[in-house]
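**Student:** Pasting in a structure now, in structure tokens, and then I'll have a few things to ask.
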């Protein structure tokens, strides 16, 4: 029998019927009660008591407690608070009675009172100081005085004051002064932390503590991000974290706009990989590398080789920071030219910004309502910042009336840390350059500058604007002359050197001037905009606290991300910029050419070493003592065939001394692949096997890349230029093409048909090859060859071939052929038609009625996208149509600009397909492109020059040019399609519209100009040759129609042709006689006037012409409608009514032609003195040395 569980409860271990309270430690119970009250739970009276406690101790109650307080009904709250007030009154009465009882107990009442008063005064004197402020009593206290009542004896009796401020610290510069008002009996203090019972006084105390800094504002200054610097720089930019994102975006755009290249890269990547993982990796790497080579040549080579053509006496150099150029020429010693340092001194201070300020000596003056406006006397001190306002006053803070009282707070501003901006003066930039001869150098002297200077194998010099030319003597090697153009390539007017703490940065001028920080000028000590680093906190009845913002150094450093870091102490070392020099080698000579060959044995002192630049350095030890003698050294492909391959960088190496075991360093460039370095003759010959990785095709590609990198470094200020294929003669003259550069280097002399056939042949050989590697190589090479032969490639620069009259932007060719017709292969496209349609809509709402095209290519772009824009406008319910009219005359300018917007219009597939077949109907409102000026859409309401080239794409028949909206307003032409060059005695300024050619014959003068169209933008100075100190009145092609401000745009005897026939089509400006006419120079000829056509309205030829002091042959304009003469050449004795005059005035409204308005008999009309005038020209001596100055510079392609 089993026993049932259970039983009496009393016998169980735990009696469930009589379970007692749990045993809890008393403190734990108290904690639980307090925590529940803090959470707002419990009796109302306890909650209100706890809130009162927090109020008295100036502690912040919890959110739950405040929530319970707000939920208490008004009547309940008033009931409990009234009882609190009664209890407080009882306590006050008890304290007062206690004081009276103690006084009654004393036997000697007068003595005790006197001693007590004396003790109080002594205590006050030890802890408190009394003075005057604003005509009232001022007590200066510390943190020990606020625990008790402060008693101040006055003539009216004791003045008892209570200070309950929580920011009282020890006395320091950070002080605050404000008024303690007088409160009458029975009034509780309200919005004051200091009050007295007899009369008001001012209180002053320091706010410093031993444990922490002064109170600071949590606010920070918003500093605009500096952004990526436009300068090409050798060093990494500061905190530059944006390049990776931008590069990925650039890769995406490149793939979208160059699908042919992207497809080719994907195919190559897929063929290179042996499994899917490798194929994906290779494809991604190729796609990432391709746009870097195509558009943004990252990284700079440390050493470049420049080969001078045979018989050359000079070579143009472009020296960059930390770069070294090795110059090799036939029958000349090899030179190393190194840019050692670019330094700017005597920087002028422009402005200082305060990024860390301190606030001291705060004082507040307050007034009651109806007692007048508060005035703080410290307002008169310029070092103080003051602020006036109003506060609520009443019985609880010392005023008899309730209302708004005036308050005036002042605080002293002082700057703790400041950032200083300095400007670089171009005349204070100096360049330190070193030249080293590849002569006989021992390993001990290699790199030893002092030893090489002693052996006349090296020299160091400084180039400044005041000393741009220098001649260096190199001992037995002769002498070398450098004529340098001291232009750093750094626009000193656009950048400042900004020093923040211990770091200095090169920052944009506009960004620097727009900083929202207090600033001061060097000539002043007063800070402006000081309130940016100060915060006036909320005003209380008689007190207002002022705090300073924390240091903004971190924010500045963050905002400077992308700026270039520079070193600055008393001078700044620049890492951006370049120096153009012409190195004259006519007086250089090889040393040791008459020495005999060394006959004894050589040995390799060390194994040959790769320099990393494709060359090898060999240290040889010579056992003989028959020196000086020449070293027989050569590089051969095979020991059985001693035909030299490769070349010597150290030209004519020799042993300089007759001592045995002398060591010599020799540098040579072996060929790609396997070769042997052979030293010595006969049985004493030694050799060393050498393998050089790479290929000739790869070198051609890297050579082109070098030219692209140099262009990236120089920007638009200088560009070495040579004709197609010139890469074999001068690496520094590589054509700026990337993929196509190597292609044209190897196959540039062939026609595209031959190139295509060769590619097809390689493809056929690849298909039939048995070896897989060879087949893939043939297929890849043939495919690339066919692709490059049949496509027009992309690029970002323009090149000029003067002899072939050819200009290339990308590979699109702009040919000026024998019949002087322009053939272009360019097509302008907007970034996206959807965004352009939205931009047009936005501009129309802002009052822009249309646009004026800058060039005919832009006009063609509007024609091409007109229907698509109209469909987009119609699909988005916009009653507006784009109307493109035929341009009349030259392309005129307009004052307004289109503005960028991030919004886009949307269009469905159905509407897009319909737009291909049908043009949309014309809307009620129109947006007019070009055409004649009308009352409906005058030029003053049109936009112009709103687009700029963003990128170049590719196509089968044309180079695609992608346009984007300009961010800034400018009148300059787009520099992306401009090329400028000097070669020999010919200088050219050219773009897709102009070919302006000048020649040198005793002096430089304009020879010819061909205009595809005439535009109204201004030629940028960055693409202008010889543009120093040019008078606009001497420019034959006016600068208002894109005439370059260059001395190449001049001709003796002629002034600016502002009234030439610029509205005609197909203009060719040259210097010759119009058919069937003659021109004579006579003083009786009439003065300048608008250009006149040589045929009348009826077609009759005007044969006789004259000029006052022009030069012959005369200036003429050949157009589609006939031949015109320049403004100086006038018809002789002809009916004025039948003449066909030019109706153009290229000058703007405020400009006046001074020559047409000159006195009779003076063709020039200019203010030059007779001693200065030569044939109507003012004689200006050339800044570079007279008539040969322009030829003294190799102005190569910009």
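Including glycine, each Cβ sits where the backbone N, Cα and C put it.
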**Student:** In Swiss-Prot, which of the ranges 747-767, 810-830, 831-851 has the transmembrane segment annotation?
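**Tutor:** Based on what Swiss-Prot states, transmembrane segment spans 747-767.
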**Student:** Of the residue ranges 205-219, 220-234, 235-249, 280-294, which one carries the transmembrane segment annotation in Swiss-Prot?
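**Tutor:** It is 280-294 that Swiss-Prot annotates as transmembrane segment.
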**Student:** Pick the one among the disulfide-bonded residues 598, 849, 1074 whose Cβ has the fewest other Cβ atoms within 10 Å in this structure.
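**Tutor:** Output over disulfide-bonded residues 598, 849, 1074: least Cβ neighbours within 10 Å is 849.
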**Student:** Near residue 410 (disulfide bond), meaning Cα within 10 Å, which of 142, 324, 386, 1123 (recorded positions)?
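**Tutor:** Of 142, 324, 386, 1123, within range: 386.
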**Student:** For the glycosylation sites listed here (142, 924, 1001), tell me which residue's CB has the most neighbouring CB atoms inside 10 Å.
**Tutor:** 142
**Student:** Is it possible to list how many residues within the region 'Fusion peptide' (392-405) are helical, extended or coil according to DSSP?
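**Tutor:** DSSP classes over the region 'Fusion peptide' (392-405) add up to 3 helix, 5 strand, 6 coil.
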**Student:** Sorry to bug you, but what's the C-alpha spacing from residue 1001 (N-linked glycosylation site) to residue 415 (disulfide bond), rounded to the closest Å?
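**Tutor:** Here the two Cα atoms are 63 Å apart.
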